Every structure is written in C-alpha cells, then in structure tokens.
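Below: the structure, in structure tokens.
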Amino acid sequence: MTSDPGSALQHRKRRHIDVCLTEAVDYQSLTTGFERYRLPYNALTQTDLHSVDLSTEFLGSHLRAPVLIGAMTGGAALSGIINRNLAAAAQQLGIGMMLGSQRVMIDDEAAAASFEVRGVAPDILLIGNIGLAQLRSSMVPGLAAALDRVGANGLAVHTNPLQEAMQHDGDTDFSGSIGRLCDVAGAIGYPVVLKEVGHGIGAAAAAELVGCPIAAIDVAGAGGTSWARIEQFVRYGDVRYPALAEWGVPTAQALTEVRQMLPDVPLVASGGIRTGMDAAKALAMGARVVAVARPLLAPAVESVEAVVDWLQRFIDELLVCLHGCGAANLSALRGRGVTELP
C-alpha cells in the first residue's frame, strides 16, 4: 500500500506549526544586521503625528500601511483557522497577506479550504504561493486555477534550497529553476514575487534575475526565523546541524545588495522584522513594504483580535518613527536614509 502524499504533506504542515509554537526556531547567533543602522532622529520635526501618511501601492493594490502578513501555512486543519484570522486582521487594517505554499492544495483537493479567506477578507491584497523547486511551465493552468479559486491578486514563488536540503524527502533539484521562474512569470497572468523563506537573497542571486519578468522580490533575509532549524526539529527532534541553521544573508545586507543590483524592482523586506523601528529602517533603505510572519502565528491561533492588536502596535511604532525623523510620508522617509554605525 502506498502512502497518500497529500496526507503526508498536510501532516508536515501541522508539524511546522507545532514546532514554530513550541521550539526555539529563531537564529541563535546570526542577526538581521539592522542593529548596525540608525534612523535619523529630528528634534525639530515639522510633522503632525496624526497627519503622517503610511499608505502605499504594491502590486496594483492600495495599502493603508506598508505591511504584509508573510507566508506561513496552509493544508492542515489548524491552517485554515490561522489563515482566516490573519486575513480578517488584514482586512481590518487595510494591509496585505501572503498565503502559505499552495502545493498541498494542488495535490489534495481537501486542503483547499484552508486557503480560502476571501469570505472574511474581500478587499485585501492577497498573494498566492508555490515553491520554485516544484515550479514547471506545465503547472501554469493548474496553478492559475488555484490562484483563481482563492481570489489571489498575485503569486509568490518561494526559493528555499537550504530548507529543502534539511527536509526529509525535500525537493533538492533546483537545476533550471531560474529559466522556469522567468517562463512562468511571463505566462501566468498574475504579478509574480520571488521570495526566500528566511535565508536571504543576496547579490549573486539578484544578478541572475536581471531581465526576468518578476514584479517584486521579497529578500526574506536571515536573522529572524530559521527554516533550516525548523526542518531539523521536524526531522530529527533537535538541531543536528547547527552551522547550517545559522547560514544565510542577513536581512539588512540582502536588502542593500538586491537594491543595488536591481534598483527598479520593488522590494519586500522580511526576515526578523519584529518592530516598527525595524520596518522604518528597512523602508528607509529602499523596501517598498515589509512583511511579518512568525510573530503573528501564536496570535493567529488565538483570535483575530490578538492579530490586530500585535499589528496595530507595530504600525503605531512605525508611525512614530516617521514622525520622529521628520518624514510626513514614505517617500520622505526614503529620502532620510539611515546611518551605518562604524
């Protein structure tokens, strides 16, 4: 008798949730690098705090604040509760959301319900998700149908070679994946965001994307949640390869390198973005929006209100950061820049 691959995938998705809620899954020594930068403080700011404008446009959608709920989960029964609570919070706050990988939804019809959030979030920017390792041009019709089914506005393609290498039976053949990415991005009919999962996109990877018809890049740098660490907990029950769990391009470095290599491509900064100050620094360094994922997991298990509370504090801190450096809007913030400490 053969095992059901869909059921196995759903089980792994639930294990990911459990590990993220109960184990130490952040990088233990590697940091995002944002501590090396300071946002300029202006004691003579000429802004009115209550008039500071955080709104922006991303992938053709208007956001009340430059914040996305990052990709987390899908497929398990609990995933549906988490995703609906996250989406409802995004609807209340006027921000966007990335879904977890829809591979399980494509493989198993029963998993589709965990991704369907439009009932509670009819107006949000909603970004679907698929893995680069699994991406094939032949998938375009089925993938487009999956995006249509959930009412997505775009597609995130996540590249995760280190995570896959740590995963039991991971998809470790990435040969030809850049060409497939560019082919699908040109054919799918949705704006495509290339993203990492928390080990970072740096200069070498960005150089490979020149001319590729992607709409944005989520640098998803190192310093927050380590998926190489998570997969080792899932596979072994502990961290058997600690050096690999601490490997990646720190978020601030990733943001700087990709911005320099691809100056016209909109960037998402994620990976260890934990505070409004982190977000302000990332935006001042050239990100169009920021994304936050794992800090919202426990609140999302609890309630919509818990997610809204966490995000509102995050957004309020970001608002004060703009006010304190004399920036009335996000364009002005980018003009302020940051100071790198010696």
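Using N, Cα and C of the backbone, Cβ positions are placed for all residues, glycine too.
The model shown is predicted, which means the values in this text are computed figures rather than measured ones.
According to its DSSP assignment, SER101 (substrate binding site) is coil. Note on SER101 (substrate binding site): other Cβ atoms within 10 Å of its Cβ, all shown chains, come to 25. What Swiss-Prot records for ARG12, LYS13, SER101, GLN102, ARG103, GLN163 is substrate binding site, and it gives sequence analysis as the kind of evidence.
As annotated by Swiss-Prot, FMN binding site applies to ALA71, MET72, THR73, SER101, ASN129, LYS195, THR225, GLY272, ILE273, ARG274, ALA293, ARG294, with the evidence given as sequence analysis. Every protein chain considered, the tally of other Cβ atoms within 10 Å of the Cβ of ILE273 (FMN binding site) stands at 28.
According to Swiss-Prot, the Mg(2+) binding site annotation covers GLU164, on the basis of sequence analysis. If you draw a 10 Å sphere around the CB of GLU164 (Mg(2+) binding site), it holds 22 other CB atoms from the protein chains shown.
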Exercise. Near THR73 (FMN binding site), which residues of its own chain have a C-beta under 8 A away, given they sit six or more steps off in sequence?
Worked result: LYS13, HIS16, ILE17, SER79, ILE82, ASN83, GLY100, SER114, LEU297
For this session: Tell me the Cβ contacts of GLN102 (substrate binding site) under 8 Å, same chain only and six or more apart in sequence, or just say none.
Result: GLY74, PHE115, GLY128, ASN129, ILE130, LEU143, ALA146, LEU147, VAL150
Seminar exercise, completed: Excluding its own, the Cβ atoms lying within 10 Å of the Cβ of ARG12 (substrate binding site) add up to 18
For this session: Look at the binding-site residues ASN129, GLN163, THR225 and tell me which residue has the greatest number of other C-beta atoms within 10 angstroms of its C-beta.
Result: ASN129
Exercise. What does DSSP call GLN163 (substrate binding site) in the simple three-state scheme?
Worked result: helix
Exercise. Is any of the binding-site residues ALA71, GLU164, THR225, ILE273 within 10 Å of SER101 (substrate binding site) (Cα-Cα), and if so, which, in sequence order?
Worked result: ALA71
Exercise. Given the binding-site residues ARG12, ARG103, GLN163, which one's Cα is the least distant from that of ILE273 (FMN binding site)?
Worked result: GLN163
